[in-house]
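What follows is one structure encoded as structure tokens, with my remarks underneath.
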Amino acid sequence: MDCWKGAIGSNWIYPTVIICANGFFSTMRPSESFLTPYLSGPDKNLTIEQVTNQIFPVWTYSYLALLLPVFLITDYVRYKPVLLLQGISYIVTWLLLLFAHGVVAMQVMEFFYGMVTATEVAYYAYIYSVVSADRYQRVTSYCRSITLVAATVAAVLGQLLVSLAHVSYFHLNAITLTSVSLAFLCSFLLPMPQKSMFFHKKGVSETLPQPQKAVATLPSNGPSSCQQQDEDCAAADTGPAPQQQAEQPKPQNHMLRVLVQLSRDLRDCYSSRKLLYWSLWWALATAGFNQIVNYIQVLWDFRAPSHSSAVYNGAVEAIATFLGSATSMAVGYIKVDWDLSGELALGMFSAMDAGSLFLMYFTDNIWACYAGYLVFKACYMFLITIATFQIAVNLSMERYALMFGFNNFVALLIQTILTVIVVDTRGLGLDISTQFLIYGSYFAFIAGIFLTRSVYTIVSIKCRNASVAGEPTDH
């Protein structure tokens, strides 16, 4: 009992445990690997064309519409209310999946799932608001690891229940509803943060008992009077100084000032050519990756219809998640000068992604499609880990969060354009096989950009070195 009270009283253990529990239950969705067979099967009786061209695009549109306002609101309300909103959206999504019927009902379901994905930013941002900066690396590893474990467990569990226990897709969704409901309950147990990265910076320096920790956690322009002498802090408690009163703007002015600062930070971040190219790949590749993940089950069902073939979606997702985590971990042990070789790696592995997508288009063999997906996801996870590290190592936590959000917003904008042109019936409305030909060409285009850039960079460096080596002989 004393140990439990000590954990709750700790400034990082209790919220870390609860947010990890939230992440585990919200990611432990065994039915997700079988969404397309469920929608096109007897439970919902929808056609593949309806699922592909009318239902799935709604997720992309709603995600785009909600992402930017949710990103700002999340910081303003200090994360926990958004986590509660995410839990409600999860529950509504799976209630609709279980009991609603028809195209319109499933489109509404996709809207709420768009709300779920738009609010995911609160999951990682929350933990940074309740722990000190020296624990960021540890708690981030906990949060990311638990979601990978949950995704793997969910995929394996779903496959075992379908293949061995012959559990129906309806009951798989009932299990998922139970899991996301537990995640919602975990959100209630989270302590309310007293600070946030952008809108509530000052609150942290005023409420933390140790001012030095506040300085380490959030960068400031200079030390406050309270950080100089304890006597000054006591005086400040009796009433703010005139200068401090002048620094406390009205809420509307404060919000405007934060938005202006965010725009300046974005401009400064993207003024770095190195960060610009890593971000460009991030946005382009993430748009394509999300599109593939969103429609891969439709391709599998096209190659091997679920009503007449054994379905191994869960097993493939489990292996893909494991390979993704393994390649991500491998990045930490590779000693490479990414400033020199980064663009070459982006080009080469993007070319491998393109090749795996072309394989899925040209083959009718479901096992070849499975293998292509494994290669595709492993390459993407390898590169996105490198890109994340290269961007994060050059930025403060606040600017990294801002750049992370903006890169994902641009990615979603590109994904929406792809959806409108390629998938939506108001665009080309292509069949699923032809879509993957387009996606393969898209990644080939990305590979061409960065392979060309890498050749230019290598030639420039060689010319510069040759020029430097020849300088002594000219004098």
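Glycine residues also receive a Cβ, built from the backbone N, Cα and C atoms like all the rest.
Positions annotated as compositional bias 'Polar residues' by TrEMBL: 218-228.
Feature annotation from TrEMBL assigns compositional bias 'Low complexity' to 240-250.
The region 'Disordered' annotation in TrEMBL covers 216-250.
Within its own chain, the transmembrane segment (12-31) has Cβ neighbours under 8 Å at 38, 83, 86-87, 90, 97, 123, 126-127, 130-132, 135, 139, 142-143, 146-147, 149-151, 153-155, 157-158, 161, 169, 172-173, 175-176, 179-180, 182-183, 186-187, 189-191, 314, counting only residues six or more beyond its boundaries. Residues annotated as transmembrane segment in TrEMBL: 12-31 (among others).
Cβ atoms under 8 Å from those of the transmembrane segment (51-71) belong to residues 36, 39-40, 82, 103, 106-107, 110-111, 113-115, 117-119, 121, 290, 294-295, 298, 405, 408-409, 412-413, 415-416, 419-420, 423-425, 429, 432 of the same chain, restricted to positions at least 6 beyond its ends. Per TrEMBL, the feature transmembrane segment maps to 51-71 (among others).
Per TrEMBL, transmembrane segment is recorded for 83-105 (among others).
Residues or ranges marked as transmembrane segment in TrEMBL: 111-131 (among others). Long-range contacts of the transmembrane segment (111-131) within the same chain: residues 11-12, 15-16, 19, 22-23, 26, 58-63, 65-67, 70-71, 74-75, 78-80, 82-83, 85-86, 89-90, 92-93, 96, 139-140, 143, 190-191, 193-197, 397, 401, 405, each at least 6 residues beyond the stretch ends and with a Cβ under 8 Å from a Cβ of the stretch.
Packing against the transmembrane segment (143-164) from elsewhere in the chain are residues 16, 19-20, 23-34, 123-124, 127, 172, 175, 310-315, 317-318, 321-322, 324-325: each is 6 or more residues past its ends and has a CB under 8 Å from a CB in it. Residues annotated as transmembrane segment in TrEMBL: 143-164 (among others).
Here TrEMBL flags 170-192 (among others) as transmembrane segment.
As annotated by TrEMBL, transmembrane segment applies to 275-298 (among others).
TrEMBL lists 310-332 (among others) with the feature transmembrane segment.
Among the features that TrEMBL reports, transmembrane segment is placed at 344-362 (among others). Long-range contacts of the transmembrane segment (344-362) within the same chain: residues 281, 285, 288, 292, 299, 336, 338, 368-369, 371-373, 375-376, 379-380, 382-383, 386-387, 433-434, 436-437, 439-444, 446-454, 458, each at least 6 residues beyond the stretch ends and with a Cβ under 8 Å from a Cβ of the stretch.
TrEMBL lists 374-393 (among others) with the feature transmembrane segment.
TrEMBL lists 400-423 (among others) with the feature transmembrane segment. Within the same chain, residues 52-53, 56-57, 60-61, 63-64, 67-68, 71, 121, 125, 128, 197-198, 262, 265-266, 269, 275, 279, 282-284, 286-288, 290-291, 295, 391-392, 429-430, 435, 438-439, 442 sit at least 6 positions outside the transmembrane segment (400-423) and bring their C-beta atoms closer than 8 Å to a C-beta of that stretch.
Positions annotated as transmembrane segment by TrEMBL: 435-456 (among others).
Among the listed stretches 275-298, 310-332, 374-393, the one sharing the most Cβ pairs under 8 Å with the transmembrane segment (435-456) is 275-298. Taking Cβ pairs closer than 8 Å, the transmembrane segment (275-298) reaches residues 33-37, 48, 51-52, 56, 59-60, 269, 313, 342-343, 346, 350, 353, 357, 373, 376-377, 380, 383-384, 387, 390-391, 394-395, 403, 407-408, 410-415, 418-419, 423, 432, 435-436, 439, 442-443, 446, 449-450, 453 in its own chain, all 6 or more past its ends. Same-chain neighbours of the transmembrane segment (374-393): 274-275, 278-279, 281-282, 285-286, 289, 292, 316, 319-320, 323-328, 330-331, 338, 342, 345-346, 349-350, 352-353, 355-357, 400, 403-404, counting only residues six or more beyond its ends whose CB sits under 8 Å from a CB of the stretch.
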